[in-house]
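Peer 1: This structure is in C-alpha cells; I'll ask about it shortly.
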Ligand code: TXA
Ligand code: MG
C-alpha cells in the first residue's frame with residue numbers, strides 16, 4: 001500500500017519497522033526497502049522480498065551519532081572527516097561492525113556499511129522507529145533501482161508492508177560507497193562525486209567496476225538491469241534501419257530516426273542526467289522494445305556513476 005508521509009503514516013511505518021516488518025521509503029538517492037537492522041529475522045525478510053542472494057550485504061541507515069555508535073566498533077579519523085563533510089547525505093562508509101549487528105545484515109563480513117540519509121522522510125522514519133534501519137534499494141535483485149514509489153509498487157508490491165511516497169528522489173543514483181581500510185577505497189561510484197571525496201582525502205584507491213572476482217555483489221557486473229537488452233553506443237554508430245526498431249537513451253540532444261528517445265538532460269547537466277537515469281530506463285523498459293541503446297556520458301563527476309550503472313545494465317547475465 002502506497003501512502004503519503006503524513007505524521008500518522010510515519011508513526012505507522014515506524015511501528016511496522018519496530019515489529020519486524022518491511023517499509024519502503026524515499027531517500028535522497030533511491031527508494032530503500034527498510035527493516036530493523038538489529039533484528040535478524042526482519043533483515044531476512046528483505047532478502048526474501050528482493051530475492052536477493054544472502055552473500056550481498058545491506059546498508060544500515062542511522063539518524064544520529066548514537067545509532068552509529070551502536071552499529072560500528074570504531075570510527076577512524078578519516079571517517080570523522082568524511083562524516084563531517086558529507087553527512088547527512090549520499091555517502092556510505094564501510095566500518096568495523098559491532099556485535100549487535102546480526103551476521104545476515106553484513107553477509108558475515110566483519111564490516112558494516114552505514115549511512116545517514118538526508119531525506120526528511122527517511123530521517124523521521126529512522127528516528128521514530130528508534131532503531132537503525134537496514135535498507136537496500138527497493139527493487140527485485142538485479143533490476144533497475146526505484147526512484148519513485150510506483151516503481152516499488154510495480155516490482156515489489158505486496159511483498160512490502162507499507163510504501164511511503166515521497167515523490168521522485170533527488171539524486172536518482174545510489175550512494176557512493178567508501179571502505180575505510182588502511183587506504184580509503186571507493187567500492188561504488190554514486191551520488192557523491194569522486195572529485196568531491198578527493199577534495200577531502202586526496203587520492204583514493206578505486207575498486208569499482210567490473211572485477212574478475214567481485215568483492216561484494218553490488219560490484220557484480222550484471223546489476224541494475226532492465227528486462228530489455230541494453231547497449232552503449234553513440235547515435236552515429238546505429239544504422240537508420242536499426243534506429244527504427246529500438247529506443248535511445250540520449251544525454252542531451254535528440255538523435256533522429258529512433259522509435260523512441262528519452263533525453264536525460266537537455267541542458268547537459270550530469271546531476272540532472274543522474275536524477276533521470278533510472279526513471280527513463282523504467283519507462284523505456286515498459287515499451288517492449290527490441291533493444292535500448294544508451295549514449296556514452298562524459299566520465300567526470302556524477303558521469304562516473306551513470307556510466308557504471310549503464311555498463312552493468314548492459315553486461316550479459318552472470319550465469
Ligand atoms: O543510496 C543507497 O545506498 C541506497 C539507499 C536505499 O540508501 N541503498 C543501496 O543499497 O543502494 P543496495 O543494497 O542496493 O547496495 C548495497 C551495497 C552492496 O551490494 C555492497 O556492494 C555494499 O553495499 N556493501 C554493503 N555492506 C558492505 C560491506 N560490509 N562491505 C563492502 N560493501 C558493502
Ligand atoms: Mg541495489
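Cβ coordinates are placed from backbone N, Cα and C, and glycine is handled just like the others.
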Peer 1: According to TrEMBL, 29, 61, 115, 175 bind L-threonine; identify which of 135, 138, 149, 203 is listed for that same site.
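Peer 2: Between 135, 138, 149, 203, TrEMBL records just one in the L-threonine site with 29, 61, 115, 175, namely 135.
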Peer 1: Taking the binding-site residues one at a time (29, 111, 137), which has its Cβ surrounded by the most other Cβ atoms within 10 Å?
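Peer 2: That would be 29, with the highest Cβ count within 10 Å.
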Peer 1: What residues, ordered by sequence, lie under 8 A Cβ-to-Cβ from residue 52 (ATP binding site) and sit at least six positions away in the same chain?
Peer 2: 46, 136, 141
Peer 1: Please go through the binding-site residues 61, 115, 135, 137, 175 one by one and keep those whose C-beta falls under 6 A from any atom of ligand 2; give the result in sequence order.
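Peer 2: Cβ under 6 Å from ligand 2: 137.
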Peer 1: Between 145, 175, which of the binding-site residues has the fewest other CB atoms within 10 angstroms in the structure shown?
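Peer 2: If we count Cβ atoms within 10 Å for the binding-site residues 145, 175, the smallest count is at 145.
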Peer 1: Relative to the Cα of residue 175 (L-threonine binding site), which of the binding-site residues 111, 145, 188 have a Cα no more than 10 Å away?
Peer 2: 188
